[in-house]
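Let me begin by presenting the structure, written as structure tokens, before commenting on it.
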Amino acid sequence: AAREGGGADGEGAATASEAGAGAAEAAFSVGSSEVTDSDDDDTFFSDESSLLEDEMDKRAIDEANAHSIHEAVPETLIDSIYHRSVSLSVPALKAFIFQLCRVSRMEISGYGGHVGSSSNAVDLTAVHYRQQHTLLSGHTSDEKGHYNQPDIYSLQKMVEVAHYNMDSRPRLVFADVWTTVSAHLTSTALHTNPAVATYAVDSFRQLSIQFLQREELGVFEFQRKFLKPFETVMARCEHVSVKELLLNCVEQIILLFGSDPSAADGGAESTPRAGLRKEAAEKQYRDTLRSGWRPILTVLGLAGHDADDGVAKMGFKMLTAQLRQCIAVDKLSHKLPSVRKSSSSSSAPPGGRTLTRASSHSTLALRGDRFVDLIDSLLMFVSGPREDMGLLSLDHLVTLSNFLADESIPLPLLRQRSSVISKPPPPGGDAGATNEGERGAATTTSGGLGSQELELWWPILLGLSRAVGDPRQGVRVKSLVTLLAIINQHFFAAAANGASGGTRREGSIDDPAEEKSSAPQHGDLQTLQLIYRGVLTPMLEHAEVNAAVSDGRSVPPLPDDFEHFVTMAPSKQKSSGAGASGDPPGWLDSTFDHMMDGCVSICLRSMEIYKSDVLVEEVLAMFNSCLISDSGALAVRGLRRLNQFVTEDMDADSITDDTWATVCHMLRRCLTVRGLPGDISTRRDSTKDLTNGEGSNSEGNAAGNESDDREEMIELLNEFVMEEEILADRRYIGSNAVMIIGSLLGNRSYVTSMGLRWYLFLATGLGRGIKEWEESARILSTYSPRVATSNEGPMPPHYLENALYGRKYMVRFMLHLVSKEDVLNPEISSKGSEGDKATVGKRTAAAAKILIKEQTDALLSAFLAKEATVAGDDSGVARPVPEACRAAEVRRMTELVCELMDGFNKLDDSRLFALSGITPTLSASIQSNNKTVRGAVHNLVQRMFSEDGPLSDRMKKKVVKNAASKPSSAVKSSADQPKLSS
């Protein structure tokens with residue numbers, strides 16, 4: 001103070017310094033005189049001074065020092081230090097407040113110690129310091145009661161210093177100082193002593209009221225930074241009385257600096273605080289709260305998460321009042337003269353609402369940031385522990401959405417875009433001639449009001465999307481219903497709303513030009529695409545999380561015709577879901593179907609209105625998110641709903657080739673096994689090919705590379721086995737995918753719609769899937785599981801069962817292909833066609849022949865191998881599956897082989913001739929031990945090579961060729977005979 005002050009102030013500060021030094025010397029003499037000069041000062045001490053010297057402790061010394069300083073230094077000089085802090089420089093002020101906060105912290109906590117000692121680092125929420133304090137040891141309980149009350153002298157002085165410097169310092173400087181002050185006040189407001197915490201909250205109130213009287217400038221959000229500590233106190237404080245006081249402080253701030261509450265309540269006479277409101281109106285600080293709305297409304301929202309019902313009800317009541325007031329503000333501004341009435345003849349911009357919204361009175365219209373913060377606060381109550389308040393908050397969100405969609409009410413104002421501010425005036429006119437309607441149109445076309453309006457809608461949509469994941473069924477179901485209703489009501493054409501029973505809005509009646517210009521209310525297909533990607537699709541994350549939490553409770557279903565021969569078939573009670581065990585239904589059981597039905601309904605409605613299938617890809621993207629999930633239950637539900645979407649919701653004739661391509665790729669991906677390693681022999685062969693012909697060094701490198709590849713393959717196999725143990729329920733996906741593919745390829749209308757190309761694509765994918773399932777079963781049988789599987793729930797299907805189920809449908813597909821005339825006779829498909837169509841038809845027919853040959857060879861080869869395993873002829877093959885299960889598999893495969901051979905045998909000669917490529921495999925199948933198979937193969941081969949069979953000409957040519965070659969060989973042998981005899 002002596003360095004900063006001047007003149008009399010400097011002399012006064014110097015005097016205070018001298019007085020302080022003298023007081024310190026006096027205090028030191030009090031502590032040391034009884035040790036050094038006890039014999040000289042007989043006037044002050046009696047004969048019992050030696051006993052007092054032994055009993056004196058640190059507390060007495062501190063009290064004596066404080067008493068001496070209090071008598072030596074006048075109190076007015078001490079107060080002048082705080083009053084004259086406004087004359088300190090900025091660094092000196094920061095240092096002064098920082099040290100003052102440290103002293104206040106020591107006073108409140110009860111710790112002593114010099115500046116910079118570890119005693120200053122205390123936890124204000126702890127209570128053990130009272131038991132460990134050295135100043136209180138050795139005293140009675142009555143004496144301790146006097147010292148249990150913390151000292152708040154320095155805290156008071158710190159508040160005074162902040163008060164003195166608030167108006168005299170620049171905002172940036174005080175914002176830096178406020179960081180230190182608010183941190184100390186926040187920690188004090190969290191004190192375990194309610195009296196101390198109450199004083200800190202009241203100090204916040206006083207300083208906030210003083211600070212908010214200064215108008216906020218530009219983009220500097222000082223109000224938000226100043227009121228930010230209110231959120232911390234509300235979230236972490238443990239005293240109900242302190243939270244109630246904080247809510248009262250917030251209410252007072254709203255009454256003083258918020259909007260006029262009489263617009264919502266019908267006048268000041270009907271309010272319980274009429275006198276306070278009248279006094280606040282006289283100060284003319286109404287509507288000066290800007291960025292401070294965010295922490296204010298956040299505090300009200302945090303009240304919904306409080307454990308005390310009184311605090312929650314108080315916060316919800318205040319928030320509801322703010323909701324009514326926000327709507328009343330814009331309704332009041334709507335009563336003012338509007339520019340639209342005078343400019344109704346101007347052209348309406350896209351959206352149909354720009355003129356009304358842009359022409360609102362800027363001084364009364366609601367701020368957009370306040371509107372968004374109000375939505376966030378309501379969403380806090382939705383996610384709070386009280387379901388009744390959450391449901392009421394959802395109703396309030398519906399009210400806000402209707403308010404936002406009402407064309408007669410101006411939009412909440414957001415900050416102006418730079419593109420609109422800097423836009424030059426139109427040619428041929430001055431800047432003043434630009435009316436409000438043209439400004440609104442410019443804002444819309446340049447991404448202004450249209451994007452701003454979507455910014456106001458987005459918090460509502462996104463908040464409801466998050467609320468759909470609520471663990472309470474009532475909240476999530478109502479959130480989903482509310483979300484879908486808002487999208488269907490406010491994000492489609494106005495004509496469609498009128499046709500569906502909605503009210504036709506003002507300004508859109510019987511005017512074709514205006515109706516055409518205002519067709520999309522809040523956007524077009526691009527807006528709906530954005531809603532799908534940002535609002536609807538993220539809801540599937542709740543399904544995946546719920547499926548992971550309730551793992552084992554909901555068992556994915558299997559096809560009705562699925563055959564079990566390794567695992568046990570689940571009972572109906574176990575496969576009925578979570579409701580059978582008495583637990584409440586999970587997210588998948590109660591919400592998934594309703595959500596997908598709503599998303600599909602929005603897509604179909606957009607196709608009807610906009611005559612475009614753009615949203616079909618978005619719906620398929622949602623199904624794809626389900627299929628690639630780690631949860632087998634979610635993937636199976638997505639598969640079945642995808643089948644319903646293609647077969648029931650959409651017309652087969654309206655499905656485009658691009659849609660079939662997407663669907664077929666999704667179904668084919670479901671037939672693959674995730675993480676299946678490649679073939680070891682392929683890696684070895686590739687390694688040998690790279691190292692051939694390089695000498696002995698190359699052979700050594702090849703051996704090393706082969707060893708590394710083997711180790712890498714073993715590691716991959718171990719990872720695959722571990723993943724299969726963790727994600728075993730994904731085995732349900734394969735069988736359900738086969739069932740859906742079978743239903744699609746078994747329907748003539750869908751086969752005609754997709755064409756032979758995608759038919760072969762799915763059938764080929766099924767063949768590869770069967771091969772991968774067989775390989776996966778072999779790997780899992782070779783490597784024993786590391787984690788013991790529990791036998792409590794139903795076991796997922798075995799890969800061998802999936803493979804057998806796939807072979808059953810593969811036989812049907814092959815028989816269907818051979819029965820088509822355009823497959824085995826490509827000339828029929830290309831007849832009457834020219835150019836590329838004929839070429840495509842021949843290529844597709846050739847691909848179909850290759851598929852039939854490959855899958856027939858695969859079926860017969862697998863049958864012979866499994867038959868040899870059951871018979872015990874192949875001793876090198878591992879047999880982890882019981883013999884009874886193997887025998888059941890062979891019996892079922894025997895039926896499939898006979899069914900395929902009988903189907904081939906029923907073909908006419910022209911088609912059977914096209915299957916000549918399978919004769920080598922048929923010849924090998926005659927060696928089967930099964931009489932039925934041998935008989936079926938023998939009948940087919942006998943017919944193919946009989947005198948009237950399709951391959952009889954080829955056999956005759958071969959016989960003639962052999963007979964012709966015999967005379968020439970005889971002549972040659974006779975010519976060589978004399979030479980041999982000679």
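In case you wondered, yes, glycine gets a Cβ from its N, Cα and C as well.
TrEMBL annotations: computationally assigned, not manually curated.
These numbers come from a predicted model, not from an experiment.
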Matching range for TrEMBL feature annotation, region 'Disordered', among 25-46, 47-68, 113-134: 25-46
Region 'Disordered' according to TrEMBL, located in which of 1-20, 261-280, 541-560, 921-940: 1-20
Feature region 'Disordered' in TrEMBL, mapped to one of the ranges 823-854, 951-982: 951-982
Structural state census, the domain 'Mon2/Sec7/BIG1-like HDS' (210-256) (DSSP three-state): 35 helix, 0 strand, 12 coil
Mean predicted confidence [pLDDT] for the domain 'Mon2/Sec7/BIG1-like HDS' (210-256): 92
